[in-house]
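Asker: Feature list, courtesy of TrEMBL:
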type	residues	note
ACT_SITE	Cys269	active site
ACT_SITE	His326	active site
ACT_SITE	Asp349	active site
BINDING	Asn389, Asp391, Glu437, Glu442	Ca(2+) binding site
DOMAIN	261-352	domain 'Transglutaminase-like'
Amino acid sequence: MAQALDIDRWNLECEFNNRDHRTDLNGVDRLIVRRGQPFTVSLYLRSGLYQPGVNALDCIAETGPQPSEQYGTRASFGLSANIDTSRWSAAVTSPPGNMVALSICSAPDAPIGRYTLTLGQSARIEFILLFNPWCPGDAVYMDNEQSLAEYVLSQDGIIFRGSYKYPIPTPWNFGQFENGILDICLRILDMNPKCLKNPGKDCSGRRNPIYVSRVLSAMVNCNDDKGVLLGRWTDDYDGGVSPMFWRGSVEILRNWETQACQPVRYGQCWVFAAVACSVSRALGIPCRVVTNYLSAHDTNSNLTIERYIDENGDLIKSREMIWNYHCWVESWMTRPDLKPDFNGWQASDPTPQEKSEGVYCCGPIPLRAIKEGELIFKYDAPFVFAEVNADIITFMKKKDGSTSTVTNNTIVGQKISTKSVGSDAREDITHLYKFPEGSDEEREAFKRANHQNKLLKQQQNQGLHLTIKVTADMRKGCDFDVFAVVTNNTQSEKKCRLVFGSCALSYNGFMGANCGFKDLLNVELQPGGERRVPLRLNYSKYGDNLTEDNLIRLAALLLDYSTGEATLAVRNIVLENPEIKIRILGEPKENRKLAAELTLKNPLPEPLENCCFSIEGANLTGGHVISERLGSSVGPGEDAKVKVYFTPTHSGLRKLVVDFDSTKLCHVKGYRNVIIGK
């Protein structure tokens, strides 16, 4: 009869185990380990010595409120000669004596979350179990150290905004290892409606990254549940702050926790995506934020966006929109529920747009399914396919009530972008979503997706060609020209009307006030001739109309008097904000006070009031935002300048994220990479 070990006390060896499992940035005051990888605890015996083959130890690992072996949320196992990394197992790795080094390994498909491990009659230890992308047996396994450093361990990053002609890198502090964030991420899982309805089944589902990422895409928005963020796409941010206000996820997640799981106000697509990325990385799922420029929002799943304009070329409001850009996340995992070859990056979208299975969530769907037009695959393939491939049909509604089709060459799904591994450069990943335009493979994908419009559309070589050209220097505060360029490719003289207008634009396609307009009733073009028509945009006109997105929509509408045909050219431009200059004063070392000198030159022809600089950075600012206000206004051409002090807590390469805010110049972002020495 084997004798049970008489355990007096134990040491969880948190510092060693957490470092070995790459969770030490969460702290080393408690045990946080990854599945499918052994960890070691030291057991000190009250009496007797451990003897191999003589002593026994019953181990029971449990998670969730209703642990059961049927659901996989309870595992019973004893001592083995060696660790078996394919299942729950335990083995003694020390020589006989009164101190026992016990190696324990969880199954690589065990549910993630909080665990209690009972050892024999007296020892009861608690730990947190996470996904393990370093473990070949885990569904989130990723075989590349540089990619793992970026997509799991990196606490900061770049999100691309602006326009597809001018992508603007925006810094973001993911902060997934900051104090308390992991607990908040686990609470998000506990607050999801599936868990509240059937906690045993939900905790069992947490073995599966497909299930977890789908839950996260629903819980980051609050449309059906006690989710993290409330979306707002108007200029009215009463009761909260503009989505532009946020510099990172930490403050958002902490606000949700301290407000008793009431939604944080407000988010837009890049904020939803960034928070989902933070939570995914915290739980151990490799994740990245991606940006799709000229992203279609198809509400009726016909893969076509029908747009209506008036006779001035202005859009008439519709539920189906082309967003200037849209952000979502990709998570790395296998898809055993689908046929082979659909493993790898999966898109999911936490921005609430359309319901999926009755809930505002979207994905995960393999990128390969989108690329190949496999629209019956789970989850939400038609919606994501449309975001990158929808066809645009434009109609003009005339004053007499009649409508006519307008030639338009806008192509959705441009320059799909994410931050490169190991650098702040933009990586273009359009090829992961789409075949080259006009290729046989693209045609096959459209056939599979039954995308008839794209199949039928032939490139018309129009007689009249219309395009919009801009100058390189389009900075906020300046006056500048934009140009409509008309070319006559026909053999005959043409008389046309050209309507050339501009208006403020929000990134999701809603139009604001007029910023400049020109209507030329008599544009004459000789065969082969070209006419370049300028439109002056003055700060005095556009300055008060701009949204925080700094976007202006340029639209030129050409009406051919001889044929009655209309051609539309649209271009969205983004006005550059001034640069924030960041100078680090002193030698950056961990646990030593450091100063950053922040400078911004006022580019506007009017003073800036209520100026404030804010900084934050993972392991730089103690998990907090540090703000410094200026005591006086800053005149045109003058510098706003402050010194901000902070104390880095960890060595390594860190990103200091800076935000400048004032009455006329809102939420200008900047960053500086800082190497902190030991």
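Just so you know, glycine gets a Cβ as well, placed from its N, Cα and C.
Heads up, TrEMBL stuff is auto-annotated, nobody curated it.
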Asker: Consider the active-site residues Cys269, His326, Asp349 and say which one has the Cα lying nearest the Cα of Asp391 (Ca(2+) binding site).
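Answerer: That would be His326, the closest of Cys269, His326, Asp349 to Asp391 (Ca(2+) binding site).
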Asker: Just going by other Cβ atoms within 10 Å, which of the binding-site residues Asp391, Glu442 has the emptiest spot?
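Answerer: Minimum Cβ neighbour count within 10 Å, taken over the binding-site residues Asp391, Glu442, occurs at Glu442.
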Asker: Using a 10 Å radius around its CB, how many other CB atoms surround Asn389 (Ca(2+) binding site)?
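Answerer: Its Cβ shell of radius 10 Å holds 24 other Cβ atoms.
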Asker: Average the pLDDT scores across the domain 'Transglutaminase-like' (261-352) and report the rounded value.
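Answerer: Summarising the domain 'Transglutaminase-like' (261-352) by its mean pLDDT gives 93.
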Asker: Could you tally the C-beta atoms, other than its own, that fall within 10 angstroms of the C-beta of His326 (active site)?
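Answerer: I get 27 for this one.
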Asker: Please list residues from the chain of Cys269 (active site) whose Cβ is under 8 angstroms from its Cβ, counting only those at least six apart in sequence.
Answerer: Trp323, Tyr325, His326, Cys327, Trp328, Thr351, Tyr507, Asn508
Asker: Are there any residues in the same chain, six or more apart in sequence, whose C-beta is under 8 angstroms from the C-beta of Glu437 (Ca(2+) binding site), and if so which?
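Answerer: Residues satisfying the criterion: Ile411.
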Asker: If you draw a 10 Å sphere on the Cβ of Asp349 (active site), how many other Cβ atoms land inside?
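Answerer: Here the count is 31.
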Asker: Measuring Cα to Cα, how far is Asp349 (active site) from Asn389 (Ca(2+) binding site) in Å?
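Answerer: Between the Cα atoms of Asp349 (active site) and Asn389 (Ca(2+) binding site), the distance comes to 17 Å.
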Asker: What does DSSP give as the helix, strand and coil breakdown of the domain 'Transglutaminase-like' (261-352)?
Answerer: 15 helix, 41 strand, 36 coil
